[in-house]
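Undergrad: Here it is, the structure in full.
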Amino acid sequence: MGAILSKIRGKVGQANASEKKKGINLDEHPILKTLTSQRKVEAMLRESDLKSQLMKGVFSKDIQKVLGELDQIKSEGDQKKYEHDLTLAFWFSIHIENLEMSKQLIDREFLLKQLVACALIQKQVLENEESEEESEGNNWNDDGPQDDNQSGEQESQNLTEEEKEKDDQNHLQLEGGESDDEMMDEDKKEDDEPTLTLKPPAYGHSELAAALKKAQQMKEEQRKLEEEKQSAETLAAIGIDEETINRTQLKDQAELLRVKTSFRAKFHNLMTNVLKISLQKEEEKLACIIIAYYEVVLEEEMIIRAITQNNYEFLQFTWAFDKNYIGIRNKNDAMFIHYEQLFDLIKKNRFVEKDLGPRAEQVALYRDDFRKVLEWKIISLDNILKALLIHHEDELAVEYMGYYSHFLDKELFIHCMRNGNTEFLQQALLLAAFDKMIFREDSVITEILEILSQGHRTNFLMNVLTLVDISVWKNKHLKELVEIISDYVEENYDKNRLLLSPNPLQSITLAAELLKKVANSRRKFENECNKIQNQLLELGKMYSSKIEDEKYYESLIMGVDFRGRTVLKTITQNTFEPLMDEEDPKAENLMVMIWHGNDATKCDGNIFGYSNLSHIIMTRAKKQSGKNQTLMSMITNSYNANFKVDYSFQYTYRSQAISFYFYKEFFCALAMLVIFQYINYQYLILFSNNYINSDDTADSATPTTETSINRIIRSVREYVDWNFFALFFSCALIFQMILKILFNICARQRIGVDKWTIMDSLSAILNIAAVQVIQRVPPETYLKPKMKDLIDYFMILVLCVCWLRFFVYFLVVRSISKLLLTLLAMIGDTLSFMFIVCCFILIMASVFTTLYQDTNPEKYGGLALTVRTLFDAAIGQYDYENMEGRELSHSILLIGHVFFSNILLMNYLIAILSTTYENMKQSGIFRYKVNLYKYCERFMIAFADRDYGEIVLHPPPVSYLSAMMIPFLVSRKAMMYISKGFSYMMYWLENIFFVMAFAGFELAILPIAYIKVWINIIKNSMGVLNTIVNCLVWLLIGIFMMIFLLFRDVLNLLIILSYHNGCKKASAQAVEDLNIEDNKIKVYNETRATVISLYQRLQKHMRQEQIDDNDEDMDFDDDIFPIKDDENMNEDFLYVVKKSLIIDEWKKRRTNSVKQKKIQEKLAGNKSSALGNLMAVSFRKQLQRQASGLNVKNSKQGALPNEKDSLWGGLRGSQNMKANQQNRPKDLTNHLRVVFLDRLKNSAVNQNDGDDVDMSDFAIEESEIQLVDEFLTKFTIVSESSMNEHLDIMLMLKALPNKVMRNSLKQTDLFNFRIFQESLIAYQNLDIVNAFEYFDDKNRERVQNVKDKLMNQRTNLNDVKDILDLVKIKIERNEQYFQQQKGMTSPANGESAPKITSGNLK
């Protein structure tokens, strides 16, 4: 009660002013716009929402029910529960403005009268109100949530310490609240109040039980009297005596409203405790009303409790009404709870409290909780998308960025680049979610270039730039971008940013593509960009050649960028030929593997595994020495079908083989070509002039027009009979294009328009048009020569397109593709030359026509005749006759024409064609690879989406069967089963033809097998009699036996075909278990944290700072570890350490972490308390980080930062820095030994703390050690000082700025520093040095560097030799001393001490 009175003294005078300043307008609050109901909060409350009967009675205004429930609770003897329920019922009746019920409840408790009297008072007592609030806020921040009587300490100085302690015990009972421990742990409630929980014992001693109960009641009454006395004294101090309290009553509705208003504005502490009571009793709806209408002081335990109990509606009201503050809001010391902190608590709740299932299930649970928060859809300034991205929940951010689109600004874009939110930024840029104008702002461009120059996210930034229009950038920004890319080929490996890229091959291709865009948009940078692009491609060529593991190369070149393109597709689109050089077969091997199927190498079966007849023919007779074979073994040649290997025609392999679909499409195209060719042949016969003009009657010499028209009509009818086939196949081609459009609409990836699709569509349209033209043209038209010629030309065009469509398929056949591409290249290269030739012939034709058209009109009578004559002369067919006296001039001009055309121009053409042919020797293979990939791309996209991919896999006219799946395209779930069933159906339909073909093949080789069996019988039969008998038997049963073997071979084939997943079930292998993947992520992050700890300790030691003993046990919890080049270090200093050293350090950290965990489990009382402590500590850390931002701002105004709070332990003076630089050691390995010796000493001191922990059952698994070793191997570099594996930990941390997450695990596995280091060094040393310029500046510098290193090594070796000599002398002296002592102590043995000579000393 004392606490309330001290608060009232400060709040009563503030009431009127606060009501004027602000108020909660429920009609305008954001929650009413975001909730489904548009009513006020109190109108949303229903009786069914209340849990207890008491609250239901208050809601229904049933006074008798309420009083009866209270009497029942009081009769149970739990005084605290009675006070809590009474307080909650009293507040609820005040809130719903029920005057009669409020009067009845006030009369039941004297303390409620005191509350009403305090609420009705209109007196101002406190003068220094602001100082009180500030002191209360400071107490909150320093010591956690404090009781309100501590904040009123200055105003209640007249109270003694004993009275204050009594007030601390009494104020919660008066206000109806609980202590923090009671709210967070109900099990300890009885321990905190033993007088309330003492119950009569149940062991039969009734007198003792009655005495204890009576003593408890007396003690409770005495405590209550003391509380009332203390409260009366405190109230009397502010002018409220006992008589005033006894007279206190709610007279009318106006006074009730005054009390309600006072509760809303003045009684923060009272309403906070009422809120606690409602949450404890699971009255979530009442808690929401309190949050909406009343000012409360939230505590961190309330937020944690709401999360653990899934009270997300209460949290929604808390955030919607801006009550998400720790402390009194609108005060400087209040801590605002961001969405980031809320999400962190939710995640820790799922991972700690509910650790019941696999991690994947826990992730799904906390993501569902995240969705509950996102569904609030509250409009606020707190960026909820940023909070999601901080926790790397990119999928949820993409899902809800449509509603929270107002947060998609440049700050969020910059945060995504810094934080590495790959998936969100990819989808946002593809959907154009960000305003395009932000990419033109200098601040955004500068930030992009700055992050790109740091090299932490080279691959990520290159992908971002491909989706950004850089053509609108200013020249200075483009120049800076070009300079950054040029450093990729000029800088050494330790400073090269490509080293930090997980996929350097992708970074090189994207960088080359960016340079191409810059060159096209700015002619100013064209030459420079082309030069750098060629250098980059040469570096990529060297990098590809250094890769030996084809699996690793496949993972690199099949890496996907933000546009969904693989590196292979980017290379083929931009014709980066050096990256797929013919000398490096890995790219072509990869495409061949894709062509035949990724798992085709697992197929070892052949025809001899299921065909006995083939086995008989192709294998020698197996004769077993000394044994008489049976006739059956001689017939079958000891054959057994092989069902233990896989075959390429089985479903799992055939459905992934692009080559099979190509053969099927090729044969379908061939069949269509035959049909179209035959239809065209029918046109040539039926519509030829001879056929039309011929007459059936022999009497008429010349056919009449009517006869010709009748014959044309008859020809049209015969030609229309073939229209069905033409339309059938042409519509199949159109239908195939429609299926591709439907696939692009439904599927995630789209199939592009390639040359095969274009030729199919063009051929289909022309054939349909040809059919319509022939059918609809009037018969008289065919009698007109010019119109007939036009129709003939059109039909020739249709036929040529059909042939071109067929020839397009040969572009993926290596031997033919190179010839076709070379021919096309020659045609393209000679177009300009042909223009020159045509102009020359035209000029010469004009000259010859002018001079000789009258002399020889047969050759030069017109321009057309002259052109033909001169062309014949150019190819060697000319003469000088019939010029009638002008032979001389004609001969001179003709000789000149032949010289220029036949000698100069013809040889010029030959030179052009030779050059083109030489160029196409290399380029032709690359273009073949490009065409092969473009053809395979359609199938690769279809294979990736098996739900919808089946509709575009089959060629026309087989694609007509895909129409059965069109009605189910609206449902992906249905298509998953429909596509699978359709695929099996097509598989067995194809098997019908396959089995029939196999049976025909078996039938064809059956006579040969029959003869071969005769030979086997004669060779393998032992004895003449056996041979004769076996031959007679075979003569009788041979034909039938051959037929039996044929059917058995067919049966064997059917059995093999029925094994859809392969005989070895190779495709049943799982990709990787999620638990194994989680363990991999955990080990990777532990290793990264070990390296970070090592780096921090090295930094402190190099600066000669004091190293904290607890640094080694502290894990780096932040997601991002910012690291930059240390300018204070010497240039020669490198953070290069041995890999084994880091592995040993990781083992120690893992052991210590397990040990600490066991100690915590031992000390923890139960799981719930451990959870509360963990979440509370985490919550306080986040609030302290938030407060540290304010402290940093304040420190800029003059306050110096504390040395212990700074990241590196504080800043030193410039003189100390210089001294530290001079005294730093350069041998890092020796320095690390010193650091670890210090750590061993520190750990030895604290070793006794965990001596009682049993660690005998703990052992690090070898698989985890192997995993750490493989992880560190990715970052090893070639060191000149040793052959052991070394790591540059600074480069490693730059390459891993973020923790390893599930979506970044694949990228992390691609790192390989050593390959890029070797390729970069090899590329930079490719400069060809002239023999006469061997001792140039560059080589002299190299030689000098080698000499310096040799001198240093020689000096070091001399030092080592001196040390070894000194050690040797010491050892010899010690041995000499021990020998002397041994000789003195054992003279009885007759052995004399060894003589010491100068030679021994040497």
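Using the three backbone atoms N, Cα and C, a Cβ is placed for every residue, glycine included.
Caution: TrEMBL annotation is automatic and unverified by curators.
The coiled coil annotation in TrEMBL covers 205-260, 515-542. Under the heading compositional bias 'Polar residues', TrEMBL lists 147-159. Annotation comment: TrEMBL describes 161-170 as compositional bias 'Basic and acidic residues'. Taken from TrEMBL, the feature compositional bias 'Acidic residues' covers 177-194. Per TrEMBL, domain 'Ion transport' is recorded for 721-922. Summarising the annotation, TrEMBL assigns region 'Disordered' to 128-202, 1378-1402. Residues or ranges marked as transmembrane segment in TrEMBL: 660-679, 724-743, 794-812, 819-848, 892-913, 951-971, 992-1015, 1027-1047.
Could you place these features in context, so I can see how deep they sit and what lies close by?
TA: Beyond the ends of the transmembrane segment (660-679), by six or more residues, the same chain brings 595, 654, 719, 722, 725-726, 729, 767, 798-799, 802-803, 805-806, 809, 812, 935, 939, 953-958, 990 to within a C-beta distance below 8 angstroms of the stretch.
Proximity of distant same-chain residues to the transmembrane segment (724-743), defined by a Cβ-Cβ separation under 8 Å and at least 6 residues beyond the stretch ends, is recorded for 672, 675-676, 679, 750-751, 757, 760-761, 763-765, 767-768, 770-771, 942, 948-949, 951-952, 955-957, 959-960, 962-963, 966, 969.
Listed as Cβ neighbours of the transmembrane segment (819-848) (distance under 8 Å, sequence separation of 6 or more from its ends, same chain) are residues 807, 810-811, 860, 863, 866-867, 869-871, 874, 893, 897, 900-901, 905, 908-909, 912-913, 915-917, 919-920, 923-924, 927-928, 931.
Here the transmembrane segment (992-1015) has Cβ contacts under 8 Å with residues 611, 613-614, 616-617, 621, 634-635, 649, 1031, 1034, 1038-1039, 1042, 1045-1046, 1049-1050, 1053-1054, 1057 of the same chain, all six or more residues outside its ends.
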Undergrad: Mind checking which residues of the chain, 6+ beyond the ends of the transmembrane segment (892-913), have their Cβ under 8 Å from one of its Cβ atoms?
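TA: Counting only partners 6 or more residues beyond its ends, the transmembrane segment (892-913) has Cβ contacts under 8 Å with 826, 829-830, 833, 836-837, 840-841, 844, 847-848, 851, 870, 873-876, 878, 880.
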Undergrad: Taking a Cβ cut-off under 8 Å, which residues six or more beyond the ends of the transmembrane segment (794-812) line up next to it in the same chain?
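TA: Answer is 662, 665-666, 669-670, 672-673, 676-677, 680, 683, 755-756, 759-760, 762-763, 766-767, 769-770, 773, 820-821, 928, 931-932, 935.
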Undergrad: Suppose you look only at the coiled coil (515-542); what would the mean pLDDT be?
TA: 92
